[in-house]
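Trainee: What follows is a single structure, and I will ask about it in a moment.
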Ligand SMILES: Nc1ncnc2c1ncn2[C@@H]1O[C@H](COP(=O)(O)OP(=O)(O)O)[C@@H](O)[C@H]1O
Ligand SMILES: N[C@@H](CCOP(=O)(O)O)C(=O)O
């Protein structure tokens, strides 16, 4: 007998400036994934929206990999895997599309196989596929998460800010895979840059926890990854400056980019328009999308 479940998973913005591979926020942009497990052998995939026609229907697909990982771990044997996706999260832009696909596959397969895995186990499995915990954690738990790795297992803190802020995601038309954006990072950094980031990331978490959002201007500064990734994103520095000048609380690269994200408590449309214009000056077409914090993480529909 076939078994079906549908999951909704949020996109995420990771790093938030200085919190490289640690900080992430779940955002109100969602993918839906419907999984059917059956005794009839074969893998099938239907994709609507982002990635339609481009996402592979084999073991290289991270959602399928995630489903198979749950089946192996729980000892269940289902030769038939059918996935239907409705994707709103753009691919390879820094809004956590791969994290959403992985978490969707894991949560769906866990539900269909009798919920044998805890959320901690799902987090560890998702991290092992994605390679870092910062975007899979908020995709699972919602809200803002800070994650660390300890002996192969992710430890995390999840919280919500005491008052709301908005986010403006400016999404350029071109793709940048996280793999390519990690290749430009150095093996080591100067001690002064490490100190710069430790102080900013502590301030970032403090500002988000207490609602002291005026501190975000400095708390979103980074020297570990953004300066190296700038060469991959034409106009990046100017777009971030334009956001701040238009009244944003602060701005940073979203995940590995190329999406840029501004935090606002005022006119978000004005900030978005100014950022798009700054990209256009560098001959990059872009659009903006207003986002809020998603509080639920992955849910079963
Ligand atoms: N819905 C999806 N189903 C399967 N694989 C996906 C899906 N969305 C994204 N991916 C995979 O993840 C890759 C993008 O991941 P990545 O480079 O980390 O960028 P990001 O996660 O920031 O969008 C895509 O090229 C594709 O291989
Ligand atoms: N810490 C990672 C985050 C990647 O996030 P994504 O949404 O771009 O996949 C990195 O900066 O490499």
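In case you wondered, yes, glycine gets a Cβ from its N, Cα and C as well.
When I checked TrEMBL for this same protein, it listed these features:
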BINDING   90, 91, 92, 93, 94, 95, 96, 97, 98, 99, 100  ATP binding site
DOMAIN    61-143  domain 'GHMP kinase N-terminal'
DOMAIN    206-275  domain 'GHMP kinase C-terminal'
Trainee: Around the ATP site recorded as 90, 91, 92, 93, 94, 95, 96, 97, 98, 99, 100, what other same-chain residues have a C-beta within 8 angstroms of the site's C-beta center?
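Mentor: The answer, listed by sequence position, is 11, 89, 255.
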Trainee: Out of 94, 96, which of these binding-site residues shows the lowest number of other CB atoms within 10 Å of its CB?
Mentor: 94
Trainee: For a three-state summary based on DSSP, what are the helix, strand and coil counts in the domain 'GHMP kinase N-terminal' (61-143)?
Mentor: 47 helix, 8 strand, 28 coil
Trainee: Here are some binding-site residues: 90, 92, 98, 100. Which one has the most Cβ atoms within 10 Å of its Cβ?
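Mentor: That would be 100, with the highest Cβ count within 10 Å.
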Trainee: When you measure from each Cβ to the nearest atom of ligand 1, which of the binding-site residues 90, 96, 98 fall under 6 angstroms?
Mentor: 96, 98
Trainee: Filtering 90, 92, 94, 96 (binding-site residues) by proximity to ligand 2: which pass a Cβ cutoff of under 6 Å to any of its atoms?
Mentor: 94, 96
Trainee: Please work out the helix, strand and coil residue numbers for the domain 'GHMP kinase C-terminal' (206-275) from the DSSP assignment.
Mentor: 37 helix, 9 strand, 24 coil
Trainee: Can you work out the mean pLDDT of the predicted model over the domain 'GHMP kinase N-terminal' (61-143)?
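Mentor: A mean pLDDT of 97 is what the model gives the domain 'GHMP kinase N-terminal' (61-143).
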